[in-house]
Amino acid sequence: MTTILIKNAEIVTMNRKSEIITGDILIENDRITAIGPDLDPAQVDKIIDATNRTVIPGFVQTHIHLCQTLFRGKGDDLELMDWLKKRIWPLEASHDEESIYYSALLGIGELIQSGTTTIVDMETVHHTDFAFQAIASSGIRALSGKVMMDKGDEVPYALREKTADSLQQSVDLLEKWHGYDDGRIQYAFSPRFVISCTEELLREVRSLSEQYQVKVHTHASENLGEIEIVQAETGMRNVVYLDHLGLANERLILAHCIWLDEEEKRIIHERGVHVSHCPGSNLKLASGIAETPEMLKMDISVSLGADGAPCNNNLDMFNEMRLAALIQKPIHGPTAMNAQTVFRMATIGGARAVGMEKEIGSIEVGKKADLAILDLVNFHTYPSFDVDPISRIVYSATRADVETTIINGRIVMENRIMRTIDKDIVLPEANRSIQRLLKRSNLR
Ligand SMILES: [Zn+2]
């Protein structure tokens, strides 16, 4: 058994009472087994002195594309459909096993360094096994799946798949990876969006997700042009169509949901669908601003995600939290989205979306030890006297303030040093890989 004792920390628990306490955290193997002042267990393997440090639950990002991390800076200043057709699909079509692997490690390195401990990840059509290998070795908690696209205009040849192949490959990956490392890795069916998928595929995904009890992760109502296409093809709006196919339920995670009408909001609320809000991506792709204050008022499950590196261009939850709060204020007033609400979306809200609110998302005895230790003793985070710690985290802190990250009881970054990913290998390999993909896709 490995035991870690974190001593003398300011602990932002995000428990039911949202308590912020000063004390110690005992971690035994993968779980938090005690929280309190002056814990003095007989024997510990490691003591972390967290005096003047703030411990928070690890962030849960509910919409990420690790396979796109290599495309950072390659899709700037475009709208969604152009961004997909001109840049992202040709680059995804050019991926090989090695490039998928290093794209994932590059992204996970950034995520761990900025305090994210759980992700919901959408890969590309091929080579997803190599993303899972990177997830497995890095120690991050993830729900991931190969993207499914058996239909669509201007889709490169290498991304076109037959319905049966798409389903079979998804099930093969699920059977190999779902439940890996005591459930640290889970599979999620990942149809890209309605435009990319036949009705047959989506109906089959619905029954497979029920059969295996796994999540379905897709995009919806991100862009007005997208909605027009969906309406022309199906006669329905996105969420109405997904509901019509039986997909709208508590296993569905929908990224974006910017342009919902009243009926769609009602469906999302009644069926318990989870919304992943991606403010950075939504602004950069000029998609729009989701009505998150209204959704939260309706008690819709809303969490946060950075989306992919080429539409953000960071995978940094501090950035997303800040944007999620600020973008609502000019429209709905200064109190429309406060720091506490945003921090909740980034932690326990994300845990709710992935169906793990009893396991992660807060610092409580019995929960998995997924947490980040912040050093908020700095010019940009002071004064600290009489300032709400959550205000300091959401409005002042940056990812550079994350000092140590623990996932599933394992220290994956300590004092800014990555323990599971070798930066000196991953950075040059990322450059080599993107060079290869640009050549193959004729984008350079
Ligand atoms: Zn996305």
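Every residue, even glycine, has its Cβ placed from backbone N, Cα and C.
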Given TrEMBL lists H63, H65, H219 for Zn(2+), the same-site residue among D150, D299, D307: D307
Given TrEMBL lists E92, D307 for substrate, the same-site residue among E175, E222, E403: E222
Listed binding-site residues with Cβ under 6 Å from ligand 1, out of E92, E222, D307: D307
Which of H63, H65, H219, all binding-site residues, has a Cβ with the fewest other Cβ atoms inside 10 Å: H219
Cβ packing number for D307 (Zn(2+) binding site), 10 Å threshold: 27
Among E92, E222, the one of these binding-site residues whose Cβ has the fewest neighbouring Cβ atoms within 10 Å: E222
Additional residues surrounding Zn(2+), by Cβ distance to the H63, H65, H219, D307 centre under 8 Å: I64, M122, A255, H256, S276, C278, S281, G305, G308, C311
Local confidence of the prediction over the domain 'Amidohydrolase-related' (54-412), expressed as mean pLDDT: 97
